[in-house]
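Going by TrEMBL, these are the annotated features:
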TRANSMEM  20-39  transmembrane segment
TRANSMEM  51-76  transmembrane segment
TRANSMEM  88-109  transmembrane segment
TRANSMEM  152-170  transmembrane segment
TRANSMEM  191-217  transmembrane segment
TRANSMEM  229-254  transmembrane segment
TRANSMEM  335-355  transmembrane segment
TRANSMEM  361-383  transmembrane segment
REGION    413-435  region 'Disordered'
Amino acid sequence: MTETSSQKPSLWRRYLGISLIWKLAVALVLGVVAGLIFGPDIAVIQPLGDIFLRLLTMLVMPLVLFTLMAGIASVSPKTIGRIGGKTVAFYLITTAFAMTVGIALALLISPGVGLDLPGGTEAEEREAPPLAEVLTNIVPDNIFGALSEGQVLSVMFFALVAGVALSFMVDSDDERLAGMGADLRRLVDSAVELVFILIRGVLQYSPIGVFALIAVVVGETGTDALLPLLALTGTVYGGILVQILVYVGILALFRASIGQFFREVREPMLTAFVTRSSGGTLPVSIQAAERLGVRKGVYSFTLPLGSNVNMDGTAIYVGAATVFVANVTGTDLSLTQIVTVAAVGVLASIGTAGVPGAGLIMLTMAVTAAGLPMAPVALVAGIDAILDMGRTMLNVTGDLTCTRVVAKTEPGMLAEPEAAADTARSDGADSPPQT
Ligand code: ASP
C-alpha cells in the first residue's frame, strides 16, 4: 500500500466513516420525499430494495443453522430447557397481551364506523392450519429441503439436535470422538464469524435498500389511500406505542438500561420497519443482541424462534383490523367471536413465518373464524404495507426484549453492557469488514 496520510480518504472510506444509523435515517427521509414526489413511478427502483431483501434473506438460513448449533453446544441441556421454557412463556404472554391491546383500543375507537364497503373486491377466505399440523411440520423430513425452502422452525429443530450431539462429542471420554467434536465446533464457530462479517458488509448496502423500499411504499400507497383509513392506522400505531411502553416496563423490571437498549436495537427496528420482514431482519437483530452483551446460548435460540412465532405487532393489527371489519359491516362482536379471533391470531402467528404481508393472511383467517364478511379486508389490504412496517418493527422489538430479559435471568448469559458494546464495536459491529 502506498497510501500516505496526506492523501484524502476515498469517497468509499468517508462513507464507511459515517455511523450507520445516520445513513439509514437520511435514506429513510429521502425515500419518503422521493415517494411523495414521484408517486407510483418510483417503482422502477424496486430492484434496489429487492437486492437488500435478498442479501438479508441469503444470510438467514446459514445464520440460524450455525449460530444455534454453536449456541446450543456452548450450554448444558438443562440450561437449554430452561431458556426454552422462559422464552415460550414470554412470547405467549406478550402476544396474548398485544392481542388484547389491539382489540380493546379498536373497540374504544371504532375505526371502521362510517366507512363504505368496497364494491366487488372479495378477499379470499382462509383457515388457520390445525395445531397438530403446525407442530408436526417443525420436524423436517429433509434438512436440505427445509434449508432450501427457508423453513426456520425446521432448521432450528435440526440445529438444536445437532448442537446437542456436538456437545456430547466434545465431552466424550473417547479421545478420537472428543477431538473430532472439538474440530467440528471450531468449524461451526468459524462459520458464525464468517456470516457475521457478511452481515456487516450487507449493512453498508442497507441505506440504498432502505431508500428504495420506503420510496416505493410511499409512492404506491400515496396519501389518497391512507386518509380514509387514518383511524385504523392510528389505532394500530397507538397499540404499538402501548406495547413498547409495556416492554419498557418489563426491561426496567429486569434492570436493563432503557437508553442503552433502544440505542442498540434501533438498527434492527428500522430495518424491520422498511423490510417488513422479521425473518429478514434476523441478521441485524443478532448483531444488536451481541452489542447488548447477550451470549450466543440465549440469542441463537430466542431470536430465530421469535422471528417466526412472536408477533406482537401482528397480534395488535389482527385484533384491531377484525374490529374494523365488524365496524364497517355494522356487526357487534360477541364475546365468543372476540375470543375466537384472539385464539386464531395467536395460533396463526405460530404457523406463519415473519415475512411481508403475513399479517394480512392471519387477518383473513381471523375474519373467517369470526364469521365476518371478507369484503372490508380489501380496504385494509390497500394500506397493509404502512401497517406492516409498524407491526414488524414491534415484532422485532419484542423478540429483542425477550432476549435481553431471558439473558438477564440466566447466569453468565449477559456481559456487562458497556464492555459488551465496546467489544462489539471494536469487533466492527458498526463498521464494514476491513479489507
Ligand atoms: N411482516 C411481519 C413480520 O415479518 C408479519 C406481518 O405481516 O405482520 O414480522
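Note: Cβ is positioned from N, Cα and C throughout, glycine not excepted.
Across the candidate stretches 20-39, 51-76, 88-109, 191-217, 229-254, the maximum count of CB pairs under 8 A to the transmembrane segment (335-355) is reached by 88-109. The transmembrane segment (152-170) makes no contact with the transmembrane segment (20-39), as judged by fewer than three Cβ pairs under 8 Å among residues 6 or more apart in sequence.
Among residues of the same chain six or more beyond the transmembrane segment (51-76), those with a C-beta under 8 A of the stretch's C-beta atoms are 83, 147, 150, 152, 155-156, 158-160, 162-164, 166-167, 170, 185, 188-189, 191-192, 195, 198-199, 202, 205-206, 208-210, 212-213, 271, 275, 277, 279-284, 286, 295-301, 304. The largest share of C-beta pairs under 8 angstroms with the transmembrane segment (229-254) comes from 88-109, of the ranges 20-39, 88-109, 191-217.
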